[in-house]
């Protein structure tokens, strides 16, 4: 009888991974560094342009002089991968929050037995939110070198894109772990 009082391991894994994924995806969405452009012609060697999905920052690394809100002279923000990320990343964040609320209601914290069906539905919502943030990150990575940049400059993947990938993967894994709760519904 004591073992039935414990919260299933898969639910705990889901409730640990998904909030971590939410934090990483949130940081990746807000921070302006999906791509770094360096060695820009006619600019000092230590100038780096950081491009995100909402903002563009110019930093002179020797003096740590950083200015955001740079003008988009090449039409970077008009590109489809950037616009898709602007729509899908915030939608994914809202869906993740919704999934976590449903998961909190389904996973037994204050009741004797977990609600397996509710936890499973939360898992599917969180899985979907992870996929919704993985799609723009993947598309952006695929188009990274095709997006407009000053001719002759060097392009590098930024940390925000990496955080978005990691967050998406954690949400997908956490959602899958919670979706395992459907197994208990089928057994019953």
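Indices start at 1 and increase along the chain as displayed.
Quick reminder: no glycine exception, Cβ is built from N, Cα and C everywhere.
Just so it is clear, the model here is predicted, and its values are computed rather than measured.
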Range among 62-83, 84-105 that TrEMBL annotates as transmembrane segment: 84-105
TrEMBL annotation of transmembrane segment - which of the ranges 12-31, 32-51 it falls on: 12-31
Chain residues in Cβ proximity to the transmembrane segment (84-105) (below 8 Å; excluding those fewer than six residues from its ends, i.e. six or more beyond): 11, 14-15, 18-19, 21-22, 25-26, 28-29, 34, 53-54, 115, 118-119, 121-123, 125-126, 128-130, 132-133, 135-137, 139-140, 164, 168, 171, 175, 178
Cβ-Cβ under 8 Å with the transmembrane segment (117-139): same-chain residues at least 6 beyond its ends: 11, 14, 18, 21, 25, 28-29, 53, 81, 84-85, 88-89, 91-93, 95-96, 98-100, 102-103, 105-107, 161, 164-165, 167-182, 185
